[in-house]
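> I grabbed these lines from TrEMBL:
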type	residues	note
BINDING	Gly6, Pro7, Ser8, Ser9, Val10, Gly11, Lys12, Ser13, Gly57, Asn111, Lys112, Leu113, Asp114	GTP binding site
BINDING	Ser13, Ser34	Mg(2+) binding site
Amino acid sequence: MALLIGPSSVGKSLLLKRLTTDEKDKELVATVPSIGTSLVKVQVSRKKSVTIRELGGSMAPVWPDYYSDVAAIIFVVDASNLQQVGAATIQFIHLLNSPQTQSSKILLLFNKLDLVTSEADKGKFMHLFMLDDILRHSRQEVSVAEVSALNRTGFAAMKEWLELCA
């Protein structure tokens, strides 16, 4: 099982819905902010599916209660939202410092890249997130990927990671 967490309004629910719908389906799927938790089975390859538990951003205080039951954790960040970067960084550092996650595989997923207007804006976000420092000091194996839940960019790499880690 994998855990999908991140601040509110980063696109976790849309990401899950797009992972479970046909890639040919271009229609946008309406989502509402997640209040609780949901379980979704995602087919990551022909032979393997993974159950992903999504926890709403408003549930951040209880995220640690779910850390011990999972092999992999996906932490989603909205790469287009500079106002949210500080809070997201702190939440991610808390995740990395939790005793229950020391043997977990972690994927840091930068979502909404379709809304980032330039490489300079992307670089600014990564600098504010302190990504290099976080990766240098992390005791866990942390992978980083960039996606767009809207147009499915980066989904193949995310599914490959899930197949290997969850």
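Placement of Cβ uses the backbone N, Cα and C atoms for every residue, glycine included.
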> Would you mind checking how many other C-beta atoms are within 10 angstroms of the C-beta on Gly6 (GTP binding site)?
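Excluding its own Cβ, Gly6 (GTP binding site) sees 28 Cβ atoms within 10 Å.
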> What is the Cβ neighbour count of Val10 (GTP binding site) at a 10 Å cut-off, with all protein chains included?
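Excluding its own Cβ, Val10 (GTP binding site) sees 25 Cβ atoms within 10 Å.
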> As a test of the contact definition, list every same-chain residue at least 6 positions from Ser34 (Mg(2+) binding site) whose Cβ is closer than 8 Å to its Cβ.
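When sequence neighbours closer than 6 are ignored, Ser34 (Mg(2+) binding site) has Lys12, Ser13, Glu54, Leu55, Gly56, Gly57, Ser58 within Cβ distance under 8 Å.
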